[in-house]
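Colleague: Encoded as structure tokens, here's the structure I'll be asking about.
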């Protein structure tokens, strides 16, 4: 789950990390009060749960009140990477001398936390790694030991810091690592972490929290709800594992492995999955009906591919759920099905009587789904 910048900065401030003074606004006209409180110049920052706002035009500098109001109106009218701008963080502009980069994330290959730092902040780390890989300092951290003070200092030296700035960097690094641990984070990032007249200041602060750990942080539950689309909320109410993607072929499977394999096969044959939807084991007809309805409501979905391997899940229940959804919905979309396992013959009979195409292999079903999507 991506926290909005103002939410992440509230956590940073609570832990003592220096950040710019800021005011959150939810309407353009509120920028006037923010300017009066903060003084000029100010930076207006769109609050959306994605990286790369600057390049997308979501961060603006205002030097006078009229410009601040004009830019606020412009930003509130924007949609950034698919997210409408519902709030702005207005901050007092800092006198920046140099921009650094500092983050903690998970190295899944080596199963460790890794600290990343660079003397070249402001760029997205993926771009920096591609263009100047030697500019990034990487420090693997043993989870049972944590980040040691001398390790943080050594990283600071390698990105050119010394004296008071080095001591401050050590403190900020150790604090960011503590936040990373305390909040079950997948990413804690300051980009840029700037050298200013008052020392190091986290001009931007990002946090991604593991969705599976949200139950340990009930104060973040509202943030998670905000990040979900209406269809994702509907799926969550049924207990589905549902993630929206950019394609046009709806995917329904039972079990994460089979569902991901289905997505892979669709990709292999030139299609693009519109989602991941795992109905889980033992799904009854009402759950299957609800899953199909979610994809029928998704305007991006042109065709639905249902791939079920029945163990404790009865193929007959799956088939009846599909038929129920199609018969009760005003939205009509082609469905391709492959169902095998428990109550397979009964399930196939139900689908054949409903005129739903059935396939024996996943490959054949995927190819048909791709063909239908391209023809739609």
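Cβ from N, Cα, C; glycine included.
A quick note: this is a predicted structure, and the numbers were derived from the prediction, not measured.
For reference, Swiss-Prot lists these features for the protein:
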BINDING   45, 52, 53, 54, 91, 94, 99  ATP binding site
BINDING   191, 204  Mg(2+) binding site
BINDING   254, 311, 312, 313  substrate binding site
DOMAIN    9-234  domain 'ATP-grasp'
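Could you place these features in context, so I can see how deep they sit and what lies close by?
Modeller: For residue 94 (ATP binding site), the same-chain residues lying six or more positions away in sequence with a CB closer than 8 A to its CB are 20, 194, 196, 197, 198, 201, 203. According to DSSP, residue 94 (ATP binding site) sits in a coil region rather than a helix or strand.
According to its DSSP assignment, residue 191 (Mg(2+) binding site) is in a strand.
Sequence-distant neighbours of residue 311 (substrate binding site) (same chain, 6+ residues apart, CB-CB distance under 8 A): 281, 341, 342.
Mean pLDDT for the domain 'ATP-grasp' (9-234) in this predicted model: 94.
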Colleague: Measuring Cα to Cα, how many angstrom lie between residue 52 (ATP binding site) and residue 191 (Mg(2+) binding site)?
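Modeller: On Cα coordinates alone, these residues lie 11 Å apart.
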Colleague: Using the structure shown, find which entry in 45, 53 (the binding-site residues) has the sparsest Cβ neighbourhood within 10 Å.
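Modeller: So among 45, 53, the binding-site residues given, the one with the fewest Cβ atoms within 10 Å is 53.
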Colleague: In whole Å, note down how far the CA of residue 191 (Mg(2+) binding site) lies from the CA of residue 91 (ATP binding site).
Modeller: 16
Colleague: Should any of the binding-site residues 54, 99, 312 have a Cα within 10 Å of the Cα of residue 191 (Mg(2+) binding site), which are they?
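Modeller: Of everything listed, what lies within 10 Å of residue 191 (Mg(2+) binding site) (Cα to Cα) is 99.
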Colleague: Please report how many Å separate the Cα atom of residue 99 (ATP binding site) from that of residue 204 (Mg(2+) binding site), as a whole number.
Modeller: 11
